[in-house]
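*Asks:* Here it is: the structure, laid out below.
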Amino acid sequence: MTLPHSPGSAGEPQASQTVQVHRLEHRQEEEQKEERQHSLQMGSSVQRRTYRSSEEEQQFSSEDYALAAALALTASSELSWEAKLRRQTTTVELEERGQRRVGFGNDLERMELAFLRTQRLLRQRRDWKALRQRTEEKVREAKELIELCSGRGPWFWIPLRSHAVWEHTTVLLTCTVQGSPPFQVTWYKNDIRIDPRLFPAGKYRITNNYGLLTLEIMRCTVEDSATYTVLVKNAYGQASSFAKVLIRNYLGKDAGFDSEIFKRSMFGPSAEFTSVLKPIFAQEKEPFSLTCLFSDDVLEAEQRIQWYRDGRLLRSSTRRQILYADRQASVKVSCAYKEDEGFYTIRVSSPFGPQEQSAYVFIRDAAAEKPGAPGSPLNVRCLNVHRDCLTLTWVPPSDTRGSTITGYSIEMCQGDSEEWMPCLKAPGGTCRCPIQGLVEGQSYQFRVRAISKAGTSLPSKASEAVVTGDYDAVHKSTEIPYDLGSKITISKNDFEDAVTIPSAPTNVHASEIREAYAVLSWEEPRPRGRAPLTYTLEKSVIGSGTWEAISTETPIKSPRFALLDLEKGKSYVFRVRALNQYGMSDPSEPSEPVALKGKPATLPPPAQVQAFRNTQTSVSLAWEPVDGGSELLGYYIYSREAGASEWQTVNNKPIQDTKFTVPGLRTGKEYDFCIRSVSEAGVGESSAATQPVRVKQALATPSAPYDFALLNCGKNEMVIGWKPPKRRGGGKILGYFMDQHDSVESDWHPVNRQPIPSRVCKVTNLHEGHFYEFRARAVNWAGIGELSAPSSLFECKEWTMPEPGPPYDVRVSEVQATSVMLQWEPPLYIGAGPVTGYHVSFQEKGSEEWKPVTPDATSDTHLRVSDLQPGKQYMFRVQAMNSAGLGQPSVPTDPVLLEDKPDAQEIEVGVDDEGQIYLAFEAPEAPDFPEFQWSKDYQGPPDPQRVEVEDEISKSKVILKEPDLQDLGIYSVVVPDADEDTSASHTLTEEELNKLKKLSHEIRNPVIKLISGWNVEILEQGEVRLWLEVEKLSPAAELHLIFNEKEIFSSPNRKINFDREKGLVEVIIQQLSEDDKGSYTAQLQDGKAKNQITLALVDDEFDKLLRKADAKRRDWKRKQGPYFQEPLTWKVTDDCQVLLSCKVTNTKKESRFQWFFQKKEAPHGQYNPPTGDGSLSIEGFSKENQGVYRAVVSDERGEDDTVLDLTGEALDAVLTELGRIGALSATPLKIQGTEEGIRLFSKVKYYNVDYMKTAWFHKDKRLESGDRVRAGTTLDEIWLHILDPKDSDKGKYTLEITAGKEVRQLSADLSGQAFDDALAEHQRLKALAVIEKNRAKVVRGLPDVATIMEDKTLCLTCVISGDPSPEISWLKNDQPISFFDRYHMEVKGTEVTVTIDKVTSEDSGRYGIFVKNKYGSETGQVTISVFKHGEEPKELKKK
């Protein structure tokens, strides 16, 4: 290949090189400029001993060097020739470097160009000496200018500016003045000179720092509002500047440059978080979301709000949405996977720096398809992707659900098919597996399932899609840029020689050896030719001396192959051959011996696992890292409550750090933790469990006290009070250290050397008329807390006003949605008279108005404030009142948010195991060893003579010693050292106290709990069992059974059993008799517990029991032989038959079964000996079948019978049931045309007139039988006949069948086509009836056969009918008869007679009379047999 090359472009830098050259030039110029400035500055500040050379004419001072530095910066444009020179030199170097890198061009041409450039550089030299002389001249001119300008009056370079600030803040007035010689400075306030010595110490601070004048006014008050002027003057003149300072009352915002208004005006609004991210516990395959609220709208939210997971920036995807709307930012995941677990951080950029919040998201394992199956693997990744193979890795699951993982199954999805097919099972059970046999250029995804004896896990999240290909092709090509943006790509294959047979591959080696496989790698042959290559492998066992080809399903296209069929314990060597379309290469050199490794060992557990308290619901863990190198994938953490045996997984994604905070724990509970290392070999052994740690807030020093107030004041003493720290640090406040400061002094002095346990301190040895301020620090077990801000200045002046001083220590407790409880201490200064009451007022946050809680004053030092609005914040204050009026108000409380806390603790009232009535309160969120302050009726602690208080770790109990009406009232409790309100109250009423006393009596005088009182049962053989059940008793329990005031014991007829384990007492009487009548009392005693249960068996109850026992005994005796297991019963079948059935048991072959009806045997009854079933079926049951039915079974062991009386009510029941089933069997109404009209009918299987009633309706109007409508029934049919139907008969017809309570209705619509069809059928049948009536017919008379003796006269007579009269003809053997001689016919009306005189044998034959008219014809036939004299007729012979 040839490259485009021309003389004009030879050696010229390309576009990308040009950009680099310009950047390098610019950076070099900046560096040179900085070096010059630095050298000049160093010269101005450090005096060095220098020596003048022969060329130097003058030595410069430090001022000269400073001026020269400024002139050098302005003269940089004149030295541009130097930059040009360096730029050209750099260009030459880059060109030469580029030419060496590309490796093209003419060496002679490069040398000529370099020579010409060097000549040009030499010609551009300048005279350095002339340049130095010109610089010195400019320095002298500048010095003269300075001398001319040095003497002048002062003037303000930056004047004063006005300030408007909040009170108690500091104001700093500054200005900059220039002038020479130095000037005098004087400050004025409203034209009055300010002398700091005349004001309190530290009030004013005045400084003059080289022309920068400052006046600092400390802790401004409203009196500091004024016009401040600064006057400066020297010998040449004077100047002044003034500024106004406005002091505003503090409204809760910062002042000056820290104010919110200033920030927004300068930088725009800065949104703050108004909610806190909390840990999320989501489940695999389910959605979850993280939401954060802001105080203001976030401008350009897409750019300013960023979400991170484990430090990686998150972006929206198909499963993940990052949203912002309505001051709410959220990240929503539609389908969670374990890979989504981790630390989520929201970061919002602002002008004051980024704001962040973080929370951990836990992804729990989804429910397995089979119980006990392990959790799914995670982090499935594809590594070493080649043309036909890759390596798959994953992370083992943390939760195996008690069953060891034995292996992993891999599934594969090819392309966009979305069909997951089993790929293979990972060999060895490690978390790494080679995948082979892939198609080049195809996209693949993989997922993994864990396998254990309990089953297979759910699939992991699918890996990222990868496309197979030759990823080494990038390293085989070189890109050469030219012109502007163009480039040429040269592939190494382009330089391959035109060889046919490739050479042998080289460097055959095992790149990876595992327990179950080894990966063989090699380098392509050189030369290889341009034809595509494939490879074949051969193996040889060390010592065998033979080579065996390794068969593969597909050709090997990549220089890498995984060997999965190697045997453990053997060493192999391998060699490779290359193939192309021309042939096969020689084998490569054998590899080094390869043998499979043993099973990889898991990493050891981390050491020194320590658990520390963190918050009320979390614990911090820390441990030493495991030296696992790249094999370490992270750590799994497990937890359990102290005393539990089963460990619970904390995280499902390995943690990379060596510390972690476990959230979501139960406050006050103790937990153990252990950690396991994770690697590709699996999850390692558990570390040693930590010491049990209680979930509590970690100990820390408390925050600062605040809101100092003056409670009383004398001539030289003050009483100061304050509020406790908002954060107690998780421990009890042990006391306070207090400092005081006299405003005329500069130093602070401690008030006390030992901690003050209370929040009221009396400070003595003060100076009357002086102003003092105070500050304090709280102390707990962790140490001394933060120092508070100084209080306001309090004047030490004795109080003499008649009104009382302020109440103090106003406390808010029992906060609910609409009410709070206020308590306070009375004022220390009562004024002119005693305190007569207190005035309580409240203020809603954001309002400036104080409203009274009640119209009248309260005399108590507590008050429940009700009827407040939920969800709002309120502040409260109290004023004492005496005869002189209202006194000073107390310090307002902090804003209190009114809401019902779902997990708020309440006072528990009950009775303990010893029968003591108690009131208990548990505060799991309280600090260690909390103090519980109980009070009764808010008047102070309960009377110790009546109650006893017991405190535990986080629980306190008040025990009533002798409960009485004096103990009624309101019991309240407060935990003062808790950061949040931890309080409750309970009103103990008389009704509740009586219940508790009753329960206490039961506990102190225990009664054996009765589960079931006396029960009476009759056993199978007629024995009577008396039993009762109580709670489980100890082995020492005793039983005394009293019968009619006399203790009884077991006897042959009366057996007594006492099972203490089951609490069962039973008495079994073998044969009950009159001697057993009376009362039975069981007296039980188990330690102190007693009980007595009595059963009375007397009067009718005993007689009834006696009869039942005798009957049971007789029944048992009856069952010793064959007996009826099921008595005789009747049943109506669907065919309306009455079926009598019974069943016998305990029969044998000789047993006899009989049926009887009315004391007569019924032979048609049936009996099936194998099953014992007897049955008697009665068809067409009616009142004739009423009577007594009896079945008897007997053999030599005895006899038993069963009787069924089907008379009276029983008979009515059977017939009613027959009617009901008959009604249900009625078929739908059918319409039929008849000769007389139209007939509607329904078929039934049974009909009984007495027990089934029918009614017909036409158009919902009841029909009655008449001339045209007739209704009737038969045994199997119910019908309605409409005679001579007309159009008015059209409509809906309904048949109502009533059988007892069963009513059934059947309907048919006789209209339209149905009516027309029925009417046509009626007319057809009617016409056929007319024809049939008038047709010629032979009605009667002719016999079938007539026998006559010869010579007798035969007379045949028959009756005919027909209208009109029919024609008559006689036939003999189907031939007409001629009536003459011996044949005569006579017709008399409808009677026709044929006479044959003197019959002969020839007259024998078949005769017939044929009648005919217009409606039809008919033939009557008779056979005539003539026998001779003396012969017997044939008919008689046959007989």
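Start at 1 and count along the chain as shown; that gives each residue its number.
Even glycines carry a Cβ here, placed using N, Cα and C.
The model shown is predicted, which means the values in this text are computed figures rather than measured ones.
Dumping what Swiss-Prot says about this protein:
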- 1-57: region 'Disordered' (REGION)
- 22-38: compositional bias 'Basic and acidic residues' (COMPBIAS)
- 39-48: compositional bias 'Polar residues' (COMPBIAS)
- 119-149: coiled coil (COILED)
- 154-246: domain 'Ig-like C2-type 1' (DOMAIN)
- 269-362: domain 'Ig-like C2-type 2' (DOMAIN)
- 376-471: domain 'Fibronectin type-III 1' (DOMAIN)
- 504-599: domain 'Fibronectin type-III 2' (DOMAIN)
- 605-698: domain 'Fibronectin type-III 3' (DOMAIN)
- 704-799: domain 'Fibronectin type-III 4' (DOMAIN)
- 806-901: domain 'Fibronectin type-III 5' (DOMAIN)
- 1122-1207: domain 'Ig-like C2-type 3' (DOMAIN)
- 1336-1425: domain 'Ig-like C2-type 4' (DOMAIN)
*Asks:* Based on Cβ pairs under 8 Å, which of the stretches 269-362, 376-471, 605-698, 806-901, 1336-1425 lies most in contact with the domain 'Fibronectin type-III 4' (704-799)?
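*Replies:* Answer, by Cβ pair count: 806-901.
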*Asks:* Please count the residues of the domain 'Fibronectin type-III 1' (376-471) that DSSP assigns to helix (H, G, I), strand (E, B) and coil.
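*Replies:* Each residue of the domain 'Fibronectin type-III 1' (376-471) counted once, the result is 3 helix, 47 strand, 46 coil.
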*Asks:* Give me the mean pLDDT over the domain 'Fibronectin type-III 3' (605-698), rounded to a whole number.
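*Replies:* Within the domain 'Fibronectin type-III 3' (605-698), the model's average pLDDT equals 92.
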*Asks:* Looking at 269-362, 376-471, 806-901, 1336-1425, which one has the highest count of Cβ pairs under 8 angstroms to the domain 'Fibronectin type-III 3' (605-698)?
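*Replies:* Maximum Cβ contact count belongs to 376-471.
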*Asks:* Quick one: DSSP breakdown of the domain 'Fibronectin type-III 3' (605-698) into helix, strand and coil?
*Replies:* 3 helix, 42 strand, 49 coil
